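Peer 1: Sending over a structure as structure tokens; questions will come in a sec.
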Amino acid sequence: MVKATKNTAMMEQYQKIKDQYPDAFLFYRIGDFYELFNDDAVKGAQLLELTLTARNRNADDPIPMCGVPHHSAQNYIDTLVDQGYKVAICEQVEDPKLAKGMVKREVVQLVTPGTQTDNHAETAKVNNYLTGVVVDENQHQFGLAYIELSTGELKACQLDSQDAVLNEIINLNSKEVVVAGEQLTSLTAQLEKLGILVSHAEPAPIANEQLLAGLRSSVLHQAGELLLTYVTETQKRNLAHIQPAVQYQPNSFLKLDHNSQYNLELTKNIRTGKKAGTLLGVLDDTKTAMGGRKLKQWLDRPLLQPQQIETRQRLVKTLLEHYYERNELREALVQVYDLERLAGRIAFGGVNGRDLMQLATSLAQIPKVKHVLDELDTPEFADLYQQLDDLHDVKELIEAAIVSEPPISVTEGGVIKPGYNEKLDQYRDAMQNGKHWLADLEAQERQATGINNLKVKYNRVFGYFIEVSKVNLAKLPEDRYSRVQTLANAERFTTPELKAKETIIMEAQEKSQSLEYELFTQLRDQIKQEIPRVQKLAGGIASLDVLQSFAHVSERNQFVQPTFNTEHRLQITNGRHPVVETVLGPQEYVPNSIEMDPETQVLLITGPNMSGKSTYMRQLALIVVLAQMGCFVPAEAAELPIFDQIFTRIGAADDLISGKSTFMVEMKEANQALQTATSDSLILLDELGRGTSTYDGVALAQAIIEYIHNYIHAKTLFSTHYHELTDLDQELKHLQNIHVGAVEKDGQLVFLHKIMPGPADKSYGINVARLAGLPDQLLERAQTVLDQLEAENGQHVTTQVRQSSQEPDTPTKTEKQLELLAPAPQPQPVNSSKLTSTEKQLLKAIKQTDLMGKTPLELMNLVYQWQQQLRKD
Ligand code: ADP
Ligand code: MG
């Protein structure tokens, strides 16, 4: 009965707390375990592979329950949060021994996907941004703020459309977005569709309002308040490391929408989801976690201002040309720990002696880093140089206080160096002396009694005692000691002197431990004051690390410094795709140039499947991104305009397989480009229209090219397998045909991967199928079908295949075979100068017909006659 009441009281407390966190798993601390109940337990057991049990199993309505030991809880919490859930950690906040009635419990932290600050190696180079969004009353202006809780980075920007907000959130790769109340329901729905967790909070005045002083407009301010309110509510801990908010301009960077970033595989391999096989993978030779994160930030936001780009370029060039100094720098950077996240942990109060030693070790590298910059003696480094405060005072402080190899725990002593604090030294002396005294006592008593294995020992229950084994008891004078305990094979004794000494030793030990902890927290708080300096240093080191990585990679992969012009001239000599090149090896990769003078707007690329069209287009986009990041580029020479945006409709290799490349997706992406591109943009459209039937596809492709050519004037690469389109160069002044070369050799297709001027004269579909090893019989059949189609449509179908058939050749086939040897045939006319005389006649008739002066039946008859005439032809 008593038990039942206790049960009920506890479950009441549980429920009360759970009600405050309905959308989180409640980890409810009982003794050494965190327990989950009810639905949390059922779902948690499944997600965490725990055994589901029940509380009060024998009652009518047993409560589902599962639990995890508190010492291994972190793994379980991370597992849930990684899957997009929230976890509320509820602790016992008073000593159960002292509690009157129910032990008090409180949620001490709400861990959410956007506030997770774990420190795994694989996430060290990735930022985890929590984003907050608000909108003004008119739903016109959006404020967006984001924070990285582990480093304290806080930024905000103002945007004028929901699409822009969504794009920014995706670019930031936020896993969680905070919105105010019921605002923004359509955004919320979109986010949820993308698997991004949406949390709610109300912006409220915050304690450290000065953090938001840099945010000028009211939506920005509200976004900042919303975010900080949420962080304060969920984290319930010291956030001294949060940096003053910085306002940024999203459109001061090269814009790449989410699709383009994804398709170009800038940071994430489409197939594996990993960094390997991406531009980031090639570029990342950073030595610090901070540098790794900064590199990703630069990659997400290439620059627009030539001066800014050129400043980075000059630094890269200097580092590239100074091999020896660069290596010295790299060696120093290797020993710099994650200063940003250390600063965060110092603020949270979660650091131990080892963390502080990591800080000191890192700081010790800074003079070496500065020495390298001194030697380079380049004025461009001045800005970076002044960020490199070596925090000598902090380093001295740590080195004076902390032993060189401190233990993990900060409460069990052994952290503080001798000589740091007089009182501590005294306690330690006392402990030390006491221990000597015990050793002396043991020696002395062995001698006095002649019992050689007599020992002075210690346990928690009896403290210090003298132990004599049973066999030796006879040698012990009757009342030399007083007995405290009898064991099976030994007796334990004490003496008044031993008791007195014990008191002194224990006291000294206890006092020294608590004094050490006190000294440690004092030191930590003192260093906490210096967090902004640590953060500034971290920023400088991160940039320097990225620049050395650029230099190193540019040297290793033979990149060159690109130049920029404002005349819309694009000229890349022997460019390479940086990722494909590293996969294939420089010997295998065929470099390709690209030239678009100020007048050229559209390059129409034809060529067989698998010849390298997509690779060529991607190559250009990656070179542009690299150039505008301030990195060198894979080419022999490169001159580029500065692009404001890049749009791509590039099917991934597996796009078709996954059925994702629906016509709708293609059209949406194309539309995005048509709506927002400017004459300074780069548009890459890869085989647009292949998601629909041929005629639709050709028609739309042609109309889109014309539209870009006539109205947008953006530099555009358009690859196509619609041969018909190659005639567009006759109508469109700023369009040029290029093709990827391939030759046929002994009935096999050999790809040259080489871009050449003019349209391709063949589309080798069936040959590619042969290369892929399809059965001969099938290939012959394909050829027959093709010939039929050609005959029926009277269309110019150029596919050709070596004949192995013994069947008598149809005229078409023979014709086709001859075509292989002959120069490319003239394709079907599209412009009026090439119309047949009947067609011309009819067009004239249509133009001149007076529609209003005729009855519907007369018109019908007219159309019928026209049709007859055309069919006769
Ligand atoms: P397409 O788009 O014309 O079908 P891709 O661009 O997808 O062809 O290229 C097909 C394959 O050809 C690539 O996976 C790559 O292995 C190879 N390739 C493409 N371009 C080159 C090149 N310049 N040098 C060497 N190999 C290339
Ligand atoms: Mg392709």
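Placed from the backbone N, Cα and C atoms, the Cβ positions cover glycine too.
Got these off TrEMBL a minute ago, pasting:
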BINDING   G607, P608, N609, M610, S611, G612, K613, S614  ATP binding site
COMPBIAS  795-809  compositional bias 'Polar residues'
DOMAIN    681-697  domain 'DNA mismatch repair proteins mutS family'
REGION    794-814  region 'Disordered'
Peer 1: Three states by DSSP: which one describes K613 (ATP binding site)?
Peer 2: helix
Peer 1: List the residues of the same chain that sit at least 6 positions away from G607 (ATP binding site) in sequence and have their Cβ under 8 Å from its Cβ, in sequence order, or write 'none'.
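Peer 2: Same-chain residues close to G607 (ATP binding site) (Cβ under 8 Å, separated by 6 or more) are K613, S719, H739, V740, G741, A742, A760.
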Peer 1: Quick one: which residues besides G607, P608, N609, M610, S611, G612, K613, S614 have a Cβ within 8 Å of the ATP site's Cβ centroid, in sequence order?
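Peer 2: Close Cβ neighbours, site residues excluded: S719, V740, A742, F751.
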Peer 1: Cβ neighbours within 10 Å, counted over all protein chains: which one of the binding-site residues S611, S614 has the most?
Peer 2: S611
Peer 1: Measure from each Cβ of the binding-site residues P608, S611, G612 to the atoms of ligand 1 and list the residues where some distance is under 6 Å.
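Peer 2: List returned for ligand 1: S611, G612.
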Peer 1: Write out the long-range same-chain contacts of G612 (ATP binding site), meaning residues 6 or more apart in sequence whose Cβ is under 8 Å from its Cβ.
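Peer 2: Long-range Cβ contacts: V590, N592, V740, F751, H753, I755.
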Peer 1: Ligand 2: which of the binding-site residues G607, P608, M610, S611, G612 have a Cβ closer than 6 angstroms to it?
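Peer 2: By the Cβ criterion, which requires under 6 Å to ligand 2, there are no hits.
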Peer 1: Given the binding-site residues P608, M610, K613, which one has the fewest other C-beta atoms within 10 angstroms of its C-beta?
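Peer 2: Result for the binding-site residues P608, M610, K613: minimum number of other Cβ atoms within 10 Å at M610.
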Peer 1: Take the Cβ of N609 (ATP binding site) and count every other Cβ within 10 Å, whichever protein chain it belongs to.
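Peer 2: Summing over all protein chains shown, N609 (ATP binding site) has 19 other Cβ atoms within 10 Å.
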